[in-house]
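Q: I grabbed these lines from TrEMBL:
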- A:9-522: domain 'Cytochrome oxidase subunit I profile' (DOMAIN)
- A:28-48: transmembrane segment (TRANSMEM)
- A:68-89: transmembrane segment (TRANSMEM)
- A:110-129: transmembrane segment (TRANSMEM)
- A:153-179: transmembrane segment (TRANSMEM)
- A:191-217: transmembrane segment (TRANSMEM)
- A:237-262: transmembrane segment (TRANSMEM)
- A:274-296: transmembrane segment (TRANSMEM)
- A:308-332: transmembrane segment (TRANSMEM)
- A:384-404: transmembrane segment (TRANSMEM)
- A:416-438: transmembrane segment (TRANSMEM)
- A:555-573: transmembrane segment (TRANSMEM)
- A:579-600: transmembrane segment (TRANSMEM)
Amino acid sequence: MSSVAQKKGFGATLWDWLTTVDHKKIGILYFLGGGFFFVLGGIEAMLIRWQLHIPNNDFVSAGLFNDLITMHGTTMIFLAAMPILFGFMNAIMPLQIGARDVAFPFINSLGFWMFFFGGLFLNISWLFGEVPDAGWTSYASLSLASEGHGVDFYAIGLQIAGGGTLMAGINFLVTIINMRAPGMTYMRMPLFTWTTFVASAMILFAFPPLTVGLFFLTFDRMFGGNFFNHEMGGNTIIWEHIFWIFGHPEVYILILPAFGIFSEIFSIFSRKRLFGYPSMVFATVLIGFLGFMVWAHHMFTVGLGPTANAIFAVATMAIAVPTGVKIFNWLLTMWGGSIVVTTPMLYALGFIPSFVMGGVTGIMQGAAPLDYQLHDTYFIVAHFHYVIVGGVVLAILAATHLYWPKMFGTMLNETLGKVTFWFFFIGFHMTFLIQHWLGFWGMPRRVWTYMDGQGWNLANLISTVGAFLMAIGVIVLVYNAIVTSIKNVKVANDPWGDGRTLEWAIESPPIYYNFSATPLVRGLDSVWIEKMEGNESGLTPAEPIKDIHMPNGSIIPLLMSFGLFIAGFGAMFRTEESWGLPLLIFGLLWTFVSMAARSLQDDTGYYIKKEEILRDLKRKGGQN
Amino acid sequence: MMKGLKKWRLFSLLAVLTVFLAGCGQEELSTLLPAGQVGRDQFNLLLLSSGIMLLVIIVVVAIFLVALVRFRRSKLGEDHIPEQVEGSHKLELVWTIIPILLILLLAVPTVYYTYKLGDVSAMGAVDEDGNAENLVVDVTAKLYWWEFEYPDLGIVTAQELVVPMDEKVYFNLIAADVKHSFWIPAVGGKLDTNVENVNKFYLVFEKDSKDLKDGVFYGKCAELCGPSHALMDFKVKTMPRAEFDRWVTAMQASADNQVVANPEGQALFQQSCIGCHAVSGVGESGAQGPNLATFGDRNRVAGFMDHTKEDLIEWIKYPQEYKPGNKMPDFDGKLSDKELDAIAEYLMGLSVE
Amino acid sequence: MDLNKKFTPETWPEHPERATLEAKNKFVGFWLFLGGETILFATLFATYVALKNSGPSGFGFSTQGLYELPLVFVMTMLLLTSSLTSVFAMYHLRNYNFKKMQLWLAVTAFLGLGFLMLEVYEFSHYVGLGFTFGNSAFSSAFYTLVGTHGFHVAVGLVWITLLIFRNAKRGLNLYNATKYYTFSLYWHFIDVVWVFIFTVVYLMGVVG
């Protein structure tokens, strides 16, 4: 457990990672798992763009194309963007509030393994050759008509991964509510912690509808249910409502942490307190709240009637106000500051114009009658990529550079980082800017090919070239990560020099119990305050050094998740294979027994003795 | 309303400029060259909204660039500690209120047009003699083709919608299998064809399709509906009312006086194809395959292939290859080349115009 | 945490369920979990209301013809009483009276079991009438809503049984006090959901 035990064999190291409940390690697991799926989803995107680079292309078949778009969307949202953000939340948020761990270390681990096995389940569909093909939205009439097991993989895989997400959300919420250091009031929490908090609250209320929707889909496809079968009295519009009641908040679950990351970056690299902190917090909460009121703007063309459309149109536009407040507060944070353009700052600077463009096209689509034209065209494809790539992915890349030293103890190369940025940024705008016009020119989305002579050829070619530039950027990043990890030049507590929050006052990476003594927080940007007052360490302890209670590692989360993974196959093959039903029962039983084992074990953790902490402190030269 | 319109047209100038610089697309399928009242209303909303949005972008980018140039650490020196400003209520109030005003500016016309375009109250109206006052077309979307029934006229066609110009044409939309979405980009926005309920809306066609490149507007399916979603195109022919009335009369007579270009082809068609495809324009929707009464007048084979005999033969032989997942079986091997040739010739001759 | 630390009613804290940080975490986390569960049931209710009485053409089942209020009334009484007995149990948890707490929890479990058996009877009765899960959208929505509640009851029963037996010889401590307490929260929640089911599904189904 202790950091002294460096010379462990491979088996012991592996076991350590499989059983870890340390939030920093789970953060890294999330980051790596999400990164893997990000690359997978990226490859799918490249195949999509290659298919569309010329008219009438036959690089992939129509069916395979639908597999690719479905898996690209599902993978990027559920298995890449969210887990990577969870990675940062896990690794950084507890440090920001001065906590030693999250509230439920065991459930934290369980959440990760459920995400991992859910993602694995979803992607194993490629090996079966029966891949989800009804779009990431899987609208009911098509998802019921879809042949083979493709959509079954979607329903069960997302169910497992979604359960993990829900646990992670509750865990972060309780951590922030209960485990803040003395003095860390709500209105002193760093913005990344605040956005984690609001995003987690949104997860808590948005994921249960998805759970229910996926159960309906599972029942309809595998257990003879009739929720969406209109010949049996069902209704497909129910799926659309349920999906978007989940789906719209989901977008904000992704973008809010991105806002938080950029808030940190603007503040650090402008060497200035975040402008209008209270209104930033208020705007975050308001966006979270409004996020639940606007789902039907995804359904303007469904035929809900003018009254519903008008209400949801106006509600949608209202979200522009708090979002605008945020943009201007970031600008004013820079204004009068001392701006240094590091790689993370470069991403933040690129984010402002990109995200504003994504935001305003969102409002255009909020105007319902105009949306009748734009809905389900390449315009919407351009819009949500501007928001998600221009917002979330830029934030993820920025945070990767920003927090890399805190997570791995070494810096990424700045020059390579900037190379990545420019490839990615130029490629991004090249890919998606032109797609707005493709939408205007009448190109529907999700088309696997298009005829010559409709005026779309050049724009599609430009878009494809842009996509490949983005891919080059990502390859440079991976190269950067590998090379700097091999060199492994150790860095100090605050490698960026202007860290303002608690995580920058402790080691990179932090020791497994984070803080030798719980810190006392005396204001917003507490480390900055301490340093300005001449306290070089940036920390004031709130209590003397004493024994620390720590949780034990456990393999049970992995086992429980694996049981669900097995049960998924059982459910899927229940009717056609004799082993289906036994496998389903076996998997569920496996999970239940693992759970009972946990419950009967009375695992109450262990204590790190005061002497050991003092020893560690001495080794570090008295630093925290 | 008109006052408002004038005001925001000023705003829109810039937007128009950008849009024109980047090109407006092709007349037969671009939303930027609206060919009817509905599309034009939506286009106006596009101009208004992009005008406002462009304004926002310009303001943000201007502040952004000035801040970025003025406050660089390389200028200010490494040791410069900026003043730790907490915020400014005045400024924050400004950028809360101005966006609210901008949004109101957009919200009012949005609500107005939402109700205007959603108004189908005149759909069932009848005159004193009990005849329908407005043209109603029942659209059924199927994997992967479109059926158009004119219930008040007793005729049905497929793949090519024929409509009169300069009047409101009302549509009843439904899907027969999975959800699709009915969209004629140049004429107006889309509306989904759900499986469980009929959706209603109207469009107005103000441009004669004769003047277009192919002589037709392009229609698209806008909702993912399976492998051949991309190929689920249809075409729209618009014509003056008088011409349309002539077309309707011809359609109503198509059951009896049909030109037969190839009698042998007709006989083969009666054996192999008639189970799914009707060749009379009189009837109702609900057929297995597209109605072929106007096949010779059409512009594409299967909605997307060139309208030539060769392509038609290719299609009949390998429909599953060209449009995967559609309901027509391959006829390769079931019909000889000579037979296919005869059928193709017969079909190319089916015309009511 | 020391599991073997012995308490007396005097040293036993006033809020044993949240006396330690871990307990506080569980306490808050469980409330949040119930918040999520509320949304889950809300979605199920909405779907049920949208699909009730809806089936294929010529569908013969309706809420009026199907439900039997007397049976459901008995079930309601059983579950409501069990909620009350769990309150008694929590009273004794606060008083550090382990035996009485266990006793009342056992009573709670028996009442819950009775409820569940009646529900199984009710379902099998409907299935006997031909109202199977796959019969219509109505039946799917009905069994999923009421069945999800029933599943929650079953989970609660397994949970409390394990707790009762696991701790029978060990008595109360600050570690298992939270477990008992969260169980009772859960049980109340199930009870509230049932009140809604009784009203929305059964009463409004038969009367409305």
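In case you wondered, yes, glycine gets a Cβ from its N, Cα and C as well.
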Q: Between the transmembrane segment (A:153-179) and the transmembrane segment (A:579-600), are there three or more C-beta pairs closer than 8 Å, counting only pairs 6 or more apart along the chain?
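A: Checked: the transmembrane segment (A:153-179) vs the transmembrane segment (A:579-600), no contact.
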Q: State the residues, same chain only, that lie 6 or more residues beyond the ends of the transmembrane segment (A:579-600) and have a CB under 8 A from a CB inside it; answer 'none' if no residue qualifies.
A: 106, 554, 556, 559-560, 562-573
Q: For the transmembrane segment (A:274-296) against the transmembrane segment (A:191-217), do we get 3 or more Cβ-Cβ pairs below 8 Å once near-sequence pairs (under 6 apart) are dropped?
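A: Per Cβ check, the transmembrane segment (A:274-296) touches the transmembrane segment (A:191-217).
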Q: At a threshold of under 8 Å on Cβ distances, which of A:110-129, A:191-217, A:308-332, A:384-404 pairs most often with the transmembrane segment (A:416-438)?
A: A:384-404
Q: Tell me, please, if the transmembrane segment (A:68-89) and the transmembrane segment (A:237-262) are in contact, taking contact as 3+ Cβ pairs under 8 Å between residues separated by 6 or more positions?
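A: Yes, since the transmembrane segment (A:68-89) and the transmembrane segment (A:237-262) share at least 3 Cβ pairs closer than 8 Å, they count as touching.
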Q: Ranking A:28-48, A:110-129, A:191-217, A:237-262, A:308-332 by the number of C-beta pairs under 8 Å to the transmembrane segment (A:384-404), which range is first?
A: A:237-262
Q: Mind checking which residues reach the transmembrane segment (A:28-48)? Cβ under 8 Å, same chain, six or more beyond either end.
A: 17, 20, 59-60, 65, 68-69, 71-72, 75-76, 79-88, 90-91, 112, 115-116, 119, 123, 407-408, 467-468, 470-471, 474, 478
Q: Across the whole of the domain 'Cytochrome oxidase subunit I profile' (A:9-522), what does the mean pLDDT come to? Round it, please.
A: 96
